[in-house]
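Here is what Swiss-Prot records for this protein:
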- 1-42: region 'Disordered' (REGION)
- 61-81: transmembrane segment (TRANSMEM)
- 96-118: transmembrane segment (TRANSMEM)
- 139-159: transmembrane segment (TRANSMEM)
- 181-201: transmembrane segment (TRANSMEM)
- 215-235: transmembrane segment (TRANSMEM)
- 263-283: transmembrane segment (TRANSMEM)
Amino acid sequence: MEGKEEDVRLGANKFSERQPIGTAAQGAGAGDDDKDYKEPPPAPLFEPGELKSWSFYRAGIAEFVATFLFLYITVLTVMGVSKSTSKCATVGIQGIAWSFGGMIFALVYCTAGISGGHINPAVTFGLFLARKLSLTRAIFYIIMQCLGAICGAGVVKGFQQGLYMGNGGGANVVAPGYTKGDGLGAEIVGTFILVYTVFSATDAKRNARDSHVPILAPLPIGFAVFLVHLATIPITGTGINPARSLGAAIIYNRDHAWSDHWIFWVGPFIGAALAAIYHQVIIRAIPFKSRS
């Protein structure tokens, strides 16, 4: 026991990661069959002990760094496309979509075992509604994600200030020809697809039944981001991540970037909530199981 306490003191995980993207978080019950499978217990709303755990702060740092890298690569890609005078000389919308999807794939893979690999306040919100993490951790994650996004966009502006300010800074706005309602709807549906994919790819019951599911989880999540970007870049530039939208808007800081900004918070949070309800209530029927 003394050795175990020493590990905790030195920074080893005292509190188990509840984020479902983390492979260790949902490993319990791997030997159970479908009939005997037991749902993981819901995370407490508030867990004061987390604030004394190094793993809590380590997870927040991982979210900060991941979101920083995400904004850095993706906004640089957007600037590269904007700089080109010919569609044939650039990667185009497909390349932008690949940069977003590819970075999510890589970063979820890298951070899944540390923080759960959220990299998105909408994902964190959806998982919180499903009681996969505490309110304390959810708020901390969202703050760190937003700070990372601001820093990532800021570094891009520092590298290419003229190009950055002259080409919209990667900020999300509703494109001409579309209404705010169109933009809101695109963000709701796009985020629903992403968060539903997160729930499905990291489902605890599937993880218990099929050992390969946790390892492959980053792939469908990244691919969902790629496909949503292909569909909605012409409408809103594709938000589906409030931290990504906030970071670009703060660093770009022009009126038209702020006039539509509410869409990129309200839409993703509604989409995440709908995905959480759909998966937990309809697909998994967890509220009904708890009564039986």
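Our numbering is plain: 1 for the first residue shown, then up by one each step along the chain.
Positions of Cβ are set from backbone N, Cα and C atoms, glycine also.
Bear in mind that the values here come from a model prediction, so they are computed numbers and not experimental data.
Most Cβ pairs under 8 Å with the transmembrane segment (215-235) belong to 96-118, among the candidate stretches 61-81, 96-118, 139-159, 181-201, 263-283. Between the transmembrane segment (139-159) and the stretches 61-81, 96-118, 181-201, the greatest number of Cβ pairs separated by less than 8 Å involves 61-81.
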